[in-house]
Amino acid sequence: MSSVAGVSGTRGRRMRPGRLALYVVLVLGAVPTMLPFVWLIRSALMNDDQIFVAPPDWIPNPFEWANFSGALTAQPFLRYFLNTMVIELFTVTGTVLTCSVAAFSFARLRWRGRNVVFALLLSSVMLPYAVTLIPTFVMWRSLGALDTFLPLTVPAWFAGAGGGVFNVFLLRQFFLTIPFELDEAAYIDGASPWKVFAMIIMPLSKPALVVVTIFTFIGVWNDFLGPLLYLSDESKYTLALGLASFQSVYTAQWGYLMAASAAVIAPIIVLFFVLQRYFIEGVTLTGIKS
Amino acid sequence: MTVAPTVPASRSGQARSRGPAHLSGQGRLERRWGVAMALPAILGFAIFTIGPMIASFVFSLTDWTIGGSPSFVGLGNYRTLGGDELFWKSLSVTTYYTLGAVPLALVIGFVVALLLNQKVRGLALWRTIYYLPTLVPAVASAVLWIWIFNPDFGLLNSLLREGGLPTSQWIYSEGAAVPSLVIMSTWGFGNAMVIFLAGLQGVPRHLYEAVSIDGGGVWQRFRHVTLPMMTPTIFYNLVTGVIGTFQVFNQAYVMTQGGPNNATLFYIYYLWRTAFTESQMGYASALAWILFMVIMVITFFLFRNARRWVYYEMAGAR
């Protein structure tokens, strides 16, 4: 965490005015960044009378907490939440499991064609999703899997398929940093590669696994296109899809809309606060800086 | 997220010290387990990437409405594309958006990363503040920004009115729609910023010290160390940024439905409409392949151009 302040050591003590300017700029920059959130929250807590006044009020009076209960019962958001969590459970488990197994193979087991296969996998990350979108849809359709969670969860069990390859890359980078002597010693003791993976590599890789878990979780939480494509029965909607349909129904009920949006945003922000340092670590882990 | 084109494979060949004591069985064991453990990934690649790629190309050579049977039309779809006004419109709208959104995110992300790379009090807090917008789910941010852009009671016009400035119709006017969405996308510059931050941490300290010893000040340090050392990161953000903005969809779907008067007919939105509301799977597949080629061509030129300005520490690191 503290390592972010990298360069600072070379800056002298004499930079007092510069220091002040720095904070001024940071504060000024934070205003446009945070303003939409403030606008969201104040609108979520207002009734229509307060929302539609010009010039706008910034402090709700009275606080319209009923927007939240109103919005969240106007559509089955609890149902959407549970649907989302079911998809999360299967997607995160599948991704973490199959991606780390594959990453272990690419990082620490030697087999012919390994590097070619890995390079091929990586290249798929550059492919625009539009190219595979239609045939994948047709495939699920012909399997009769439309309007089920299968198209949204099964690819995760194939190392995340497509975009998930990024996780294989990230985990592989991490696995490469673990001393190979550990494997050697275990093999001499007669361990199988699976045992090395499960008993040595996985326990040492918790930070990387946490990062993949978080990224995957957020990816599912934010996904809109997938559910839009595959789910049509309203009882199967995810939060993102539910919010979008809510938006098209309650176009004029801004208080409700903002309350619902806040409810979809809040969990992810809480998650970020709790796990903040892993996010930064995740970006550093990928080795992008080199 | 996509992967840094500069990174892959460089470490894959990392030599492992294999003791001479290696039993012959060990090699076979590794081979067997290696393939088995990579199998889900390989199958995933075959089923969800290569298979669909081939299918998509075959589809693009047919005239096919879902439910009906496809008829082979050769390059007919591609020929039709040439005269399709909406195709050109969507391509130009998307390019326009990319030209606005990518540079803004890069410049702002870089500046903020530089600021946050200083010894700042409450660093975690600042980082959180600037990163938060990128965490907001696309749909939620679309709903929020529709309200911010509301011409009568939205945040932007309210502020402008209070400041005595001219207001705008934002996403509801043909001219302002794309710039509005650029503003909205700039709000999420945090992604570029975090990657810049990671890059800044990788700049070797001793280079700054060298400049200081030579009597160089802040500007010299920036000009001769930070900037050149950061060019690979800038390049990475540029490439992924362009690839990302060329695939924008949610804003068009949730906020504007491609309007007004097709002013926000983003490429993927047009593709989506063609495939899933007009059910023209063959034509939409051709659209997908053209997008693929456009992105490849742009990436190719970015890479070629990069040789002139991207600095790599190690020769041969591509």
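Just so it is clear, glycine is given a Cβ too, placed from its N, Cα and C backbone atoms.
Lifted from TrEMBL, the feature list:
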REGION    B:1-25  region 'Disordered'
TRANSMEM  B:33-59  transmembrane segment
DOMAIN    B:91-302  domain 'ABC transmembrane type-1'
TRANSMEM  B:96-116  transmembrane segment
TRANSMEM  B:128-148  transmembrane segment
TRANSMEM  B:176-200  transmembrane segment
TRANSMEM  B:229-249  transmembrane segment
TRANSMEM  B:281-303  transmembrane segment
Chain residues in Cβ proximity to the transmembrane segment (B:229-249) (below 8 Å; excluding those fewer than six residues from its ends, i.e. six or more beyond): 1-2, 4-6, 94, 97-98, 101-102, 105-106, 109-110, 181, 185, 192, 195-196, 198-200, 202-204, 207, 266-269, 272, 291, 294-295, 298-299, 302-303, 306, 309-313
Result, the transmembrane segment (B:281-303) in contact with the transmembrane segment (B:176-200) (3+ CB pairs under 8 Å): no
Interface-richest range of B:33-59, B:96-116, B:128-148 toward the transmembrane segment (B:281-303), CB pairs under 8 Å: B:33-59
Within-chain partners of the transmembrane segment (B:96-116) [C-beta distance under 8 Å, separation at least 6 from its ends]: 123, 126-127, 130, 178-179, 181-182, 185-186, 188-197, 199-200, 222, 226, 230, 234, 237-238, 241-242, 245-246, 248, 266
